[in-house]
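J.: Just passing along the structure, written as structure tokens.
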Amino acid sequence: MQSGELLPGPWPSLGSKPADGRGGWRAARFVLAVGFLERIGFYGVQGNLIMYLTGPLGMSTASAAAGVNAWAGAVQVLPLAGALAADSRLGRYRAVLAAGGLYLLSLGLLTISSMLQGPQPHAAGGSPSSTMLAFFYVALYLLALAQAFHRPCVEALGADQFAPGDGGDPGASASRSSYFNWFHFSVSWGYAIATAGLSYVEDNVGWTAGFGACWATMALYLAVFLLGTRAYRAEKPVGVRSFTESVRSWGARVFRRRDATDAERLLLAQEHEEGKELIVKLLPIWLTSLIIAAIFSQVYTLFTKQGSTLDRRLGGATTGLVVPPAALQCLMSATFVTTLPVYDRVLVPLARRATGHHAGVTTLQRIGAGMAVSGVAMAVAALVEGRRLRVARDAGLVDRPDVALPMSLWWVVPQYVLLGVAAVLAQIGLEEFFYDQVPDTLRSVGLAMCLSIFGMGSYASSMLVSAVDWVTRSKGESWFSDNLNRARLDYFYWLLAGLAALEVAAFLHFASRYVYRNEV
């Protein structure tokens, strides 16, 4: 394989049927378990973070949403650095070990921070000290650093179990495509448990208990990963010098072309050297995916705040269970775990027979469909929010934001489900696309490039929220008023729906001209 010398051992040439017991699904199952556990520990923090910022830390809705988006941007952009370190020096296996250590450190500090913070300082007229805020943010950004090593490397390590460099084996390619689907199936269960279970603990038992449970989950994550050590098909890093030479050589092949200023011609494969399409071919796809990334960031910010105003009781009017606002995010996970098997086991084989293509549906087709569904999701969210505001007016609760509206939480189910479908299509499609379309040397970097889309999308959402808040506040009531009954989140959702429509048009323009790496 071009990504470096394999670690000592009689490694198989076919990833789907390893000859020595290493690699294949036996090893991948450890990775799937690790991904499941990691999502529980990580989303136990991220999924309910906006409620912690507006609760114990006493931030405004707009400031908290911008803060969460900025941190989420760092979470998704930092994997570029982690992937570079893994592919050039650490190796993916050691990078995941480093992530485990950083997770334990950061979540331990977050647990200590919540113990020192107290339950609701702003409710009693107090506010966190600058020292406490600094301590909290150090812990939070250490968590982002842990994600920088984990996210691109663990997923790439799992895909490596199916020999991506053995291009002559169509079975390995099909297994690898299936692996990406099942990886997200497993992490969706972790996401569901975190958003439903841990958010309930944080809201009803305490933040210290919730963060402590996240720490314990990460300890188990590290133990499971180590148990699979003898099963992994791993690679040695290529070394800083070889890695740098590979990147320089790749860039030289791209930028020496005479037609480098012609955007249309740059999308056509005219040379057969591996790696010629770095930046030039991938950049249009990267750029035209930012809006859907910004849309996904609403799930753990504004969607959560929106859900907090609804009647979230299940069962009786007085004794029923009250669903935590962040638990509504598990609806996306439910969509994942029900849709993915249907997509992988039914729709893909049908498409494969209909088209004769081994993958059935191309990754770009999958991504474009997801973008279209995300736009529909935001239109539905805007309609639901409009109804929520009318209910608040009709019930005379416009100036009573602390009172739950007589509107069931089931009204927001469609927007979560639609975004779950969009994620099944677009998010997994993007990860598979960027993994497959880079040289073997840069597999982790390819996944990190994909993750950076969601990071920059979070930054774009943060900047958009701040800009809209500034403009609308200067003309009266902000669209993101702390009193959501006077806010206009519906206008913001319509804005995102319109941007999604423009994104689909631009994406189709570039995708129709894209030539896949294995077709040149």
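Cβ atoms here come from the backbone N, Cα and C positions, even for glycine.
TrEMBL entries are annotated by machine, without manual review.
According to TrEMBL, the protein has these features:
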type     : residues : note
REGION   : 1-22     : region 'Disordered'
TRANSMEM : 65-86    : transmembrane segment
TRANSMEM : 93-112   : transmembrane segment
TRANSMEM : 132-149  : transmembrane segment
TRANSMEM : 182-201  : transmembrane segment
TRANSMEM : 207-227  : transmembrane segment
TRANSMEM : 282-303  : transmembrane segment
TRANSMEM : 364-384  : transmembrane segment
TRANSMEM : 404-426  : transmembrane segment
TRANSMEM : 447-471  : transmembrane segment
TRANSMEM : 491-511  : transmembrane segment
J.: Taking a Cβ cut-off under 8 Å, which residues six or more beyond the ends of the transmembrane segment (282-303) line up next to it in the same chain?
T.: 46-47, 49-50, 64-65, 68-69, 72, 76, 263, 267, 326, 328-329, 332, 364, 367, 370-371, 374-375, 377-378, 381, 412, 415-416, 419, 422-423, 426-427, 430, 433-434, 437-438, 449, 452-458, 460-461, 464, 480, 489, 492-493, 496, 499-500, 502-503, 506-507, 510-511, 514
J.: When each of 65-86, 93-112, 132-149, 447-471, 491-511 is checked against the transmembrane segment (364-384) for Cβ pairs under 8 Å, which one has the most?
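T.: Ranked by Cβ pairs under 8 Å, first place goes to 491-511.
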J.: Run the contact check on the transmembrane segment (132-149) against the transmembrane segment (447-471): 3 or more C-beta pairs under 8 Å, excluding pairs closer than 6 in sequence.
T.: no
J.: Sort out the residues at least 6 away from either end of the transmembrane segment (447-471), same chain, that have Cβ-Cβ distances under 8 Å to it, and list them.
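T.: Result: 62, 65-66, 69-70, 72-80, 82-84, 151-152, 155-156, 282, 286, 289-298, 301, 427, 430-431, 433-435, 438, 478-480, 492, 495.
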